[in-house]
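Chemist: After the C-alpha cells below, expect a handful of questions from me.
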Amino acid sequence: MVIRNDAGIHVFVDLADGRPKTGDRSSLIASNCQKLTAFITRLVKQLNYLINCINMKTRFSILSLLLIPILFSQCKPAGENNTTLPKLGNWHVDEKTVDGKVVQDTVYHKIADFSFTNQDGETIDNASVNGKVYVADFFFTTCPTICPIMKKEMIRVYEKFGNNPNFKILSHTIDPKHDTEEVLKDYAQKLGIENAKTWNFLTGEAEKIYEIGQTSYMTTAMEDQNEAGGFLHSGAFLLIDQKGHIRGVYDGTKSDQVDQLIKDIPKILGE
C-alpha cells in the first residue's frame, strides 16, 4: 500500500506488518499483491467446508466474492510482462543454502495427483497431461441447467485447438454413478467428439472427483439433492499449464470469457 507521510513523501507499507518499506516500486507492489492473494486463497480453503452446508444462492455469492480477487487478479510478480498470465492460488517461498548462499524459490499451487477413466476406458492421470496445456471443467450428462451451454462453448475451444498435440480438455463428471464410460462415450459422440485424443470425458470415484475439484481446481463440484439434477457445480473453465499451475479461470457460460480463454491458450502453449 502507498501512503503519504507528514513531509508529503509517498511511502510503501508492507501489508504483512504495516511497516514502511524501501525499494523498487514494482517489486514492492508485486510483493504486497502476492501476499494479499495468498491470504485470500487460504481464507477460501478454510471456508470451503463451511460453504458446503449453505444454500446454493448464498454459496455462489460467497464463492464469487472470495474467488474473484484471487482467480481473476492480474497481479504479476515483478519482471513479468503484460502478456504473461499469473499463476493463481496459494504459494509459499522455500529457502535453501547453495554454496553458502541462501536461495529462495517460489512454490506455486499445483493440481494434485489424480487418476480417472475416460470415455474410451483409458486411464488419464497427471502423466497424461504432463508437459501439456489443458482446460478442465466439471459437469454431468443429465444436467438440466448450465452444462449444455458449457459444452457448446467448449466445442469452440476444441475446434480451435483440437489438432494441437500439446493441448487437452478434461471434463470431469460429478455423477459417476450414472455417467459410466459407455454413457460418456455416447455423450461425447453426440457432441461430435469421436475419440479421446484431445477431449477426455472423465469418470471415477465420486469423492475423489469432488475433492480435486474443490481443493485443487478451487471450484464447486458436489452432490446436492436440493439443486436441479441433484448436483451442484460451477461453470468455470480452468486453464492449466504444462506444470499443473492454474493460469486462468473463465465463465464457461459466457461467450466473451471463452473468447478470452481462446486468446490466452496460445500464450501458455508458447511458454
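Glycine too: its Cβ is placed from the backbone N, Cα and C atoms.
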Chemist: For the Cu cation site, TrEMBL lists CYS143, CYS147; sort out which one of HIS233, HIS245 goes with them.
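Modeler: TrEMBL names HIS233 for this Cu cation site.
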Chemist: Look up CYS147 (Cu cation binding site) in the DSSP assignment and report helix, strand or coil.
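Modeler: Helix, per DSSP.
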Chemist: For a quick check of understanding: among the binding-site residues CYS143, CYS147, which residue's Cβ has the most other Cβ atoms within 10 Å?
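Modeler: Counting every other Cβ within 10 Å of each candidate, the maximum falls on CYS147.
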